[in-house]
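Here is what TrEMBL says about this protein:
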DOMAIN    266-359  domain 'Transglutaminase-like'
ACT_SITE  C274  active site
ACT_SITE  H333  active site
ACT_SITE  D356  active site
BINDING   N396, D398, E445, E450  Ca(2+) binding site
Amino acid sequence: MASHNALLSGIDLQCYENNHAHRTEEMDMERLLVRRGQPFSVVLQCTDHIPLLPDHQLNLILHLGKNNEVVLKVSDSEQDHGKWWFSQRNAQGEVMLTLHSPADALVGLYSMTVVLLSADGQILEQTKSYTFYLLFNPWCKDDSVYLPSEELLQEYILNENGILYQGSWDDITTVPWDFGQFEKDMVDICFEVLDNSPAALKNSGMDIANRGSPVYVSRTVTAMVNANDDRGVVSGRWDGEYSDGVAPTRWTGSVPILRRWTEGGGQKVRYGQCWVFTGVACTVLRCLGIPARCITNYSSAHDTDANISVDYLFNDQLESVSEGRKDSIWNYHCWVESWMKRDDLPDGYDGWQVLDPTPQERSDGVFCCGPCPVHGVKEGEMGLKYDTPFVFSEVNADLIVWIVHPDGERIQVSQNSKVIGRNISTKSVYGDFREDITANYKYPEGSMKEREVYKKAGRQVGQKNEGPGQLELFIKHAPAIHGTDFDVIIEVYNAGREDTDAQLIVTSNAITYNSIHRGECQRKTTSLTVPAHKAHKEVLRLQYDHYGACVSEHHMIRVTALLQPTDQDNIILQEINIPLKMPALHIKIIGKAIVSRKLKAHISFTNPLPVSLQGGVFTVEGAGLTEAKEIKTHGKIEPGQAVTVKFSFKPTRAGLRKLLVDFDSDRLRDVKGEATVIVRTKMQNRNAVPEI
């Protein structure tokens, strides 16, 4: 179609100007990445000696999808609202083309061709194809992911560093996480994740046609981040056996996981647990342009039978008799919230939506969860899609204790509405500290409004043992440092006027964060008489010799106390989860941090355990600083011995960056550390002499 006198010589995509204007310059400066609903301009380069004739016409053709499933002819005037169009300005042998995409345009990798037509519509010539990515645009008020706060967008789209919350509701700990959504090739990998979904592989045209909807895209992300049903990214494992992969606690960020997945041809990456799934999902969502944040719910219910309660079953000897897939209370559970309009729901449910990529229960036959409107959870609207009953149980189920008699009869002995769903947490937009968002999910525990919502959600509200009875049970503990012995104190207080006899059973178990028992540490059974208005104290000494052999990689001990008054049916149950304090990693940065200039880091660690450690390995990574690297230690690390490793790296991008470090060994895992680094460009170096 091109002649010897060709008019069109090429297109300058103006990547630097466009990417800067669309806030994608951190992703790439050599490829065009733009956001929908916001214009961008490219320059059509023409031969100098032949001007564009006035009777010639330009057309733009866009293709989307690997097999060009979607073809769009872009008009040169805004005739139909909500469709692509372009305007043009001619100057000095070039034509500036400004493209306008609708705010609900399909996201993905487009190819663009400019066609020159004659006055009668004949194709005279056309350019080669040029590609660009179109992303969601939370800065555009007509986009369904619009978030009208620059402060929130700086955090929930642009921040590559995050904090995940772990520990227990009364002893919250932090874990740094490197989202790295702007690292090299991340945008390609994130769209590759979508392209590998079962819907895309089955009918790519239909899948691409739905990619204008953040509801559809985010639900696809939750299904694809776990590898349970599909060519998903991360395989979950909770049994402590990770020799054929990477222990979940080893990861410090999403980028190595996503890169390993794509380099392996879509083979699942081993292994992840809830915070890993959450971190990876947050990376993908932020990269695609959907505002996202990581949430931790403490004392999180896993309700297997969808009855909005967690049921603990004991026999007459106060031994657990739950069979099969039993309900449980996770010490904590992480998920993602994303921000979007819900045009598929009645009014009132826009805003934050729960997305849970951890495979727990199936939703429409697939291991995914959400998007579920947070406001719908708070109001107990169980009919809203997606998965509102499951999320409601996670944050607001009641704990019900039953006695099962030998003939199979069940008797409910207590119901507690205040145990589940505590201190729901996310990182603040104002710094590296915690924001409590429990009030977003439910009304104050035990309040009349909270009980009304619980009843509306479909459960009878019992009052049995809601308040303190004659006997009250409390558990306290001394500072629990991993590697040391410490005391747990169980106190039984008699608020009545008469002495009361009771049986007290106390057990301590090494558990994972999601309540899988790894072994019993100690057990103590006591018959006691508690005088009126007096307290009885029992001390359980937890020794490293007992818990050290079975403690999980989450360094968690659960102490459970069951108290049964001799002449009464009601049982009082109290549990506390004790996170064992971990040593700190010390990181020292040596030198000035300047883009492309070598920088050194020294990392030191001291073994806190009374046993030697073997197979020690440090993992370091940081968005804009260095790709993930492993540094192995040699030989044993004896008790109390300090180890220091050194490594060098060259920062790749300027700005406030974080270097994240993890230490793992045979007997001690998940030791974390971080260092903040301010990286300057070469011209920002105070000693540099600017060029004239």
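FYI, residue positions are counted from 1 along the chain as it appears here.
From the backbone N, Cα and C atoms, a Cβ is placed for every residue, glycine too.
With respect to Cβ neighbours within 10 Å, the recorded positions D356, N396, D398, E445, E450 differ, and E445 shows the lowest count. C274 (active site) sits 6 Å from H333 (active site), taking the Cα positions as reference.
Other Cβ atoms within 10 Å of the Cβ of H333 (active site), summed over all protein chains shown, number 25.
The record gives N396, D398, E445, E450 for Ca(2+). Within 8 Å of the mean position of their Cβ atoms, the other Cβ atoms in that chain belong to A397, S417, K418, I420, G421, K442, G446, R451, Y454.
When the alpha carbons of D398 (Ca(2+) binding site) and H333 (active site) are compared, the span between them is 17 angstrom.
Note: the Cα of E450 (Ca(2+) binding site) and the Cα of D356 (active site) are spaced 24 Å from each other. Regional average pLDDT for the domain 'Transglutaminase-like' (266-359) in the model is 91. Of all the Cβ atoms in the protein chains shown, 27 others lie within 10 Å of the Cβ of C274 (active site). DSSP assignment over the domain 'Transglutaminase-like' (266-359) gives 15 helix, 40 strand, 39 coil.
Rounded to a whole number, the distance between the Cα atoms of N396 (Ca(2+) binding site) and D356 (active site) is 17 Å.
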